[in-house]
């Protein structure tokens, strides 16, 4: 390819990647699979590395993380970022309405109401449509320059779809609930301090001096306001939100306009329970005067706008009695104390246990068996013990002592210097083996259907397996003799194990359970090295050349493959016929021309897995039901999409019907 052809191809790839980024992260309507997107991004990065003169600040390649900063420099906002006054109930909202109307005598007032995302406020500046700066709110006048980090958030466009000379836009960076739970699970396994909630996780991720660390975290962002702007003058907040969406920003779909405060109050109260079904945390709603001319007339106090207020949800905390503290063992040997308490209802579910994380956590909070404790759900998803109600102690409470032996195998447990976690040192510990096998068989790894914790425990207790490689040497006859299995279940399990031999390399890499290596990194490693043997032979520098891999992960990968027993397991997998090479995606276009809408919770797939499956088979996924929708797939607790589908006469699929369509 000559230089002109290279330049043209780079521009074509950038345009395609910007388009598909917008479809996936903003519209929630992806048209291609992750694998196809990754292939285009790798081609772009490769071409830009060969021809660095063609790299531009708005290139999708610039999302992967730049140089490590020594510190964050301070930057001034073009216009101040104010905080909001709070309302804690209907009377506060009515008082806000009275103040607004008294300052706008004789005028009609509309309110635009939005969800209040619980994250980190950020400000972005675009010049001629290109992102040039990202900053934290800071003190409202100045903030910290986090440009390299915000570029890693794929919901933030590097280039606007309709460029204007200057735009300062404000929004909230956040971490989805599932991502927060997964991140804390990983940190707990590594003996690292946990984030208290998704807001802290988002803030901590964006304030990393190394952008590669931020890139590894699953962050997103909703935009909701502007500061300085040249080239556009919206008339209302509702119009502004539509315009931001047209520019390529992700804006929250849940927003309404009302002309009286009673309807505003009813709408706010309707979210008290509905919020728990959202994939992200909200801590209230924001009420804004809809007219921007009226906003300007109302102005600001020293701290906050007179035209907006935040309605805050009451904290949901329950008191209960701590019955016991048990210790569980994870796949890396980490001993985690767990609180067992009398049942309480939180965020719409009944809760009976919560992780106490480590010995230091218990000591800091002075938690004792028999205590009355206060419990909440961090990020509405993870139960946590907030505090002990010490004034209710009777003297019968018992202090908890962390065991220095593993509660499962009785092997020695140690706490290494600088770590908060105790670890079982016995590599043959049944608990570690079980968790390792369950991880190996999980959906994101080898996807062996029917091999969960109970079956893994049966296989280990019977002595049929001692590691995950042994799975490939099982017979249906052996498995059928296990309690509660039977011939049919045994045959299904063996068939699932046999089928997993043909998985692509990224699933195997993730299934090996290498510390710090998640699904995305496993895919990137597989695509880069193509063969497991090449990854094993690679040096740390070559591994670190992959955008999603940092120094700690590279060291962890090398340490894993330096262990003789791990290499022996890999040889055993090869001998059994397990694929160790990257398989290029084979196109099966059975769903070509079909558009699917998903509603409710699916039991066999996560939402993303179902979407990727549809895309990989040539179909499309939409976030809303219309006459163009081919099928609506319905899980548990479906929403209004099911009602709309029935009204339009759109075919409805149960989860089982969907499975048969895509898996047969």
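Cβ from N, Cα, C; glycine included.
Since we're looking at a predicted model, the values are computed, not measured.
The NAD(+) binding site annotation in Swiss-Prot covers 34, 35, 36, 37, 38, 83, 84, 114, 137, 172, 288, 312. Other C-beta atoms found within 10 angstroms of the C-beta of residue 38 (NAD(+) binding site) number 15, with every protein chain shown included. DSSP gives residue 38 (NAD(+) binding site) a helix state.
Residue environment of residue 116 (active site, N6-AMP-lysine intermediate) contains 22 other Cβ atoms, counted within 10 Å of its Cβ in all protein chains. Annotated active site, N6-AMP-lysine intermediate per Swiss-Prot: 116, in sequence order.
In the three-state DSSP scheme, residue 429 (Zn(2+) binding site) is classed as coil. Counting only residues at least six positions away in the same chain, the Cβ atoms of 329, 333, 406, 408, 409, 411 sit under 8 Å from the Cβ of residue 429 (Zn(2+) binding site). The Zn(2+) binding site feature in Swiss-Prot is assigned to 406, 409, 424, 429.
Per Swiss-Prot, the feature domain 'BRCT' maps to 586-664; the stated evidence is sequence analysis. In the predicted structure, the domain 'BRCT' (586-664) carries a mean pLDDT of 84.
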Maximum Cα-Cα separation in Å among residues 34, 35, 36, 37, 38, 83, 84, 114, 137, 172, 288, 312, which the record lists as binding NAD(+): 43
Any further residue of that chain within 8 Å (Cβ to the Cβ centroid of 406, 409, 424, 429) of the recorded Zn(2+) site: 329, 333, 405, 407, 408, 410, 411, 413, 425, 426, 430, 431, 432
For residue 84 (NAD(+) binding site): intrachain residues, at least 6 apart, with Cβ closer than 8 Å: 286, 304, 305, 308, 309, 310
Helix, strand and coil residues within the domain 'BRCT' (586-664) as assigned by DSSP: 28 helix, 17 strand, 34 coil
Pairwise Cα distance for residue 34 (NAD(+) binding site)/residue 116 (active site, N6-AMP-lysine intermediate) [Å, integer]: 30
Sparsest Cβ surroundings (other CB atoms within 10 Å) among the binding-site residues 406, 409, 424: 409
Cβ neighbours within the same chain of residue 288 (NAD(+) binding site) - under 8 Å, at least six residues apart: 111, 112, 113, 114, 237, 295, 307, 308
Rounded to the nearest Å - Cα separation of residue 38 (NAD(+) binding site) and residue 424 (Zn(2+) binding site): 38
